[in-house]
């Protein structure tokens, strides 16, 4: 069994309360996050060593339960094979049990599951819980877009930061140097606590007081990555790719500022902004599928390509483009955002046998 | 002979004076610039059709003069083979003759030649001449850095704009879509004239009132490209590359603002800023040589690699890193710019047989 520390903490000035972390989600990025976090909680005295990770239970081809295999091997054999998560990570298939004792909740699931997860967690978390979202995407409702951090805050009555950045999970898993940005609303002290929880020598995290700007970067860049993939698939060259990325960054900034007047220009110079855009447009899955889409002249749908190329992972750019398109249309802003609009239009055109993207 | 128009213009309200363009320089980028410009002067009534291009005369292996071949074939067979420049481009090996009638001077030579060229041109250009520099680099003197546009302005007593952007010349030569930024000091009307002269359906130019910011972007990004090449050569992955590019962009912005308080943050969102950085770090020659340098574990010098890989073109990043290093050292700013400083230090370390970059 893991060397976990479940001692009750005595809350005196000499012994301030320890923070207890639970990760809600255990996909590729969630597993890497658990590795980062577990390497810190075991070293830093202000955190409990044990990190709980809620795992959506699956039965593996071997007949074993995924959680059992993670707890026996310290490895998420399905979503992050070959990487040790740390012996202090404990997989738990029971969502309510996983969050019960935690006062630092890390949300990292596909964004479409968050509304359901929040509903299940109402009244089940600690009063002093803090949350952070690593989720890219937003829920679009009739009344407009709702950021995932807002959904979490509103549904669970907690303060919710976000962590975004140039973070291809498999590269961080093998400890290649990366940066990330924590976006926070008002409480700098909590932001610093999250920075401490995630930072390692190969993962440099900084804090930025602009939660909406940071979160929108993480969401909107996936649309730009689709456009960058088209450029790659059509062999349009580096100048065009850079131009598309620049125009994309400009639309990201413009839309973020229209949606939230508090968004700062400087956020787009952080890892969550220009760096994440670069990483995603160089190597991410949205770019890759869009490249294949363009190479096939739009004759194969994104659903098809996603099923073939992503082994069960979800392509966020296409759905984000659709959601953003709805917002732009509802607000009468379509013409102000030609790149976002065109990406959605290309993604949803019916296939034509004679078309070259 | 080219369909040139040498009629003297009558300056009345109905016939405003025509602008006459000379390009000083005829390398790869200069030749592409002449193609862009010539396609516009022949169409727009406010410009003389003929575009003169000063060519540093060379004798080709065939025994012919380069200028003769350009004028006979409309092609710069040495620096832009396979591309027609336009029949209204006239190559001239005589610098003074080439500039004599021009009131729009486009400077596009390697930056180390500009001081000599300016000296030769003093008193030889028209009183109403306007200049633009497409040259990346700066002259560093004891008293500090001197931008090329400043050198031109001061030596020749002319107003000098700059044009920079995500512009790999060979891609623009084959009409792949690109953007560029004209940086200007005060006169918006002249800036618009330059925009008009360069813009084509595949070359989108916009103006930005920040000549120093635009020019420094074009210069400093070459240092970042060297760092990006190291990342590629060492197979450090996309997250690291994005992080290095972001840190590089931050140092570009910080140094520009320290050198010129007028520099605007918004300039770095233009094509000359983030987009040029991206193009240069994806495909440029500085990146390519730095990748080879790192792959060779620093055992072959940049001079060697440049001679082998660039067919007579010059590697600007290494010399710019050296010049910037001198400025940083002189001002006591080395510690504020770890990326710029480290690039210079790596470039100038003596080769060691056992080193891995």
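Each residue, glycine too, has its Cβ placed from N, Cα and C.
Per TrEMBL, domain 'Glycerol-3-phosphate dehydrogenase NAD-dependent N-terminal' is recorded for A:20-185. The feature NAD(+) binding site is assigned by TrEMBL to A:25, A:26, A:27, A:28, A:29, A:30, A:56, A:113, A:169, A:285, A:314, A:316. For A:136, A:285, A:286, the entry in TrEMBL reads substrate binding site. Feature annotation from TrEMBL assigns domain 'Glycerol-3-phosphate dehydrogenase NAD-dependent C-terminal' to A:210-353. If you look up TrEMBL, you'll see A:221 marked as active site, proton acceptor.
Sequence features, as recorded in TrEMBL, placed on the structure.
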residue: A:25; record: NAD(+) binding site; Cβ neighbours (10 Å): 24
residue: A:27; record: NAD(+) binding site; Cβ neighbours (10 Å): 21
residue: A:29; record: NAD(+) binding site; Cβ neighbours (10 Å): 23
residue: A:56; record: NAD(+) binding site; Cβ neighbours (10 Å): 16
residue: A:136; record: substrate binding site; Cβ neighbours (10 Å): 25
residue: A:169; record: NAD(+) binding site; Cβ neighbours (10 Å): 20
residue: A:221; record: active site, proton acceptor; Cβ neighbours (10 Å): 32
residue: A:285; record: substrate binding site; Cβ neighbours (10 Å): 20
residue: A:286; record: substrate binding site; Cβ neighbours (10 Å): 27
residue: A:314; record: NAD(+) binding site; Cβ neighbours (10 Å): 15
Among A:25, A:56, A:169, A:285, which are recorded as binding-site residues, the nearest neighbour of residue A:221 (active site, proton acceptor) by Cα: A:285
Site extent for NAD(+), whole Å (max Cα pair distance, A:25, A:26, A:27, A:28, A:29, A:30, A:56, A:113, A:169, A:285, A:314, A:316): 22
Candidate nearest residue A:25 (NAD(+) binding site) in space, where candidates are the binding-site residues A:136, A:285, A:286 and distance is Cα-Cα: A:136
Residues A:136, A:285, A:286 binding substrate per the record - widest CA separation, whole Å: 13
Subset of binding-site residues (A:27, A:56, A:169, A:314) lying within 10 A of residue A:286 (substrate binding site), CA to CA, in sequence order: A:314
Listed in sequence order, residues not in A:136, A:285, A:286 with Cβ within 8 Å of the centre of the substrate site Cβ atoms: A:222, A:225, A:280, A:284, A:315, A:316, A:317
PLDDT averaged over the residues of the domain 'Glycerol-3-phosphate dehydrogenase NAD-dependent C-terminal' (A:210-353): 92
DSSP-assigned states of the domain 'Glycerol-3-phosphate dehydrogenase NAD-dependent C-terminal' (A:210-353) in counts, ordered helix, strand, coil: 112 helix, 0 strand, 32 coil
Nearest recorded site to residue A:136 (substrate binding site) by CA-CA distance, among binding-site residues A:29, A:56, A:169: A:29
Mapped DSSP class for residue A:25 (NAD(+) binding site), helix or strand or coil: coil
